[in-house]
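As structure tokens, the structure follows; a few thoughts come after it.
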């Protein structure tokens with residue numbers, strides 16, 4: 001289908017899911033995007049705050065889910081749909097949208113399409129009908145794994161994502177198992193680690209703490225030149241993520257130490273190597289567009305999805321112009 005743009009030249013999109021993530025994404029599009037225009041907000045609870053806020057902001061809404069979206073007059077002009085529902089609901093949403101030629105950006109752990117982490121592999125998947133934004137923990141940590149792997153192979157990577165309990169809505173809590181499985185898989189497929197593991201911690205502390213992530217990478221070289229190159233690569237990657245998530249930062253300097261002889265992780269390193277452990281501590285503060293600043297886990301997810309949506313829209317518009 002031809003790219004549908006508004007009178008301002010923006011590509012029209014819809015958001016399915018009127019919870020925390022969907023609502024924050026809607027507001028980001030409204031306030032910050034020079035490329036996208038939100039044409040519809042979709043939920044299943046007519047009284048949800050997300051739909052109520054959308055109505056106040058003059059965004060067309062439906063509380064009848066995907067079926068309601070397909071019946072909306074605005075649907076004909078929508079080119080890209082962001083799905084912020086759940087892994088279970090996404091399969092049907094994707095089937096119906098793909099059959100109608102819409103591109104889908106999946107913010108659930110369903111992972112029907114390829115995993116996408118913008119600074120690592122977005123451009124490689126711009127032709128995919130469905131792309132998956134992994135998880136909040138994945139968006140925060142996989143760029144670091146990829147940065148280390150760009151210098152020297154990562155034999156094992158483990159990430160620990162600690163988020164404020166208050167920032168985890170019912171969707172996040174219902175998908176905890178999918179979170180760990182999806183993130184671990186993407187650590188390998190996108191980050192490049194030979195083996196990956198993910199752990200999520202819901203921190204009940206009051207007042208709520210911002211998102212904090214720890215990334216451990218086991219590498220097969222501990223010489224100074226490799227260490228210096230790893231630190232430089234990680235620093236560059238942090239700067240790239242900060243382009244679209246300003247609250248993303250290194251909490252401490254990158255730490256690299258030789259793996260001791262009795263370290264159980266040493267057996268995962270290549271035979272004959274002098275393995276080292278790279279440890280990176282991250283902190284993510286949210287932009288507070290809709291959610292509190294401590295909800296950096298949600299902010300990095302919606303910011304990554306927005307980045308992907310804008311890049312996809314630009315690509316579609318360029319191709320349309322080239323064939324006009």
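The backbone N, Cα and C atoms fix where each Cβ goes, glycine too.
Here the Cβ of residue 136 (active site, acyl-thioester intermediate) has 30 other Cβ atoms within 10 Å, regardless of which shown protein chain they belong to. Look at Swiss-Prot and you will find 136 tagged as active site, acyl-thioester intermediate.
What Swiss-Prot lists as NAD(+) binding site is 18, 19, 20, 21, 167, 168, 169, 170, 171, 172, 173, 174, 175, 297, and the listing cites sequence analysis. In the three-state DSSP classification, residue 169 (NAD(+) binding site) falls within coil. Applying an 8 A CB threshold to same-chain residues 6+ apart, the list for residue 169 (NAD(+) binding site) reads 19, 20, 21.
Its Cβ taken as reference, residue 173 (NAD(+) binding site) is surrounded by 11 other Cβ atoms within 10 Å in the chains shown. Within 10 Å of the C-beta of residue 20 (NAD(+) binding site) there are 23 other C-beta atoms, taking all protein chains into account. The Cβ of residue 167 (NAD(+) binding site) lies under 8 Å from the Cβ of 20, 208, 211, 291, 292, 294, 295, 297, 298, each of these being in the same chain and 6 or more residues away along the sequence. Under a cutoff of 8 A between CB atoms, and with a sequence separation of 6+ in the same chain, the neighbours of residue 18 (NAD(+) binding site) are 41, 42, 43, 44, 45, 48, 49, 50, 51, 54.
Across the fold, the C-alpha of residue 136 (active site, acyl-thioester intermediate) and the C-alpha of residue 175 (NAD(+) binding site) stand 12 Å from each other.
Annotation for residue 171 (NAD(+) binding site): same-chain Cβ neighbours under 8 Å, separated by at least 6 residues, are 17, 19, 20, 21, 84, 85, 86, 108. When secondary structure is read from DSSP and collapsed to three states, residue 18 (NAD(+) binding site) falls in the coil class.
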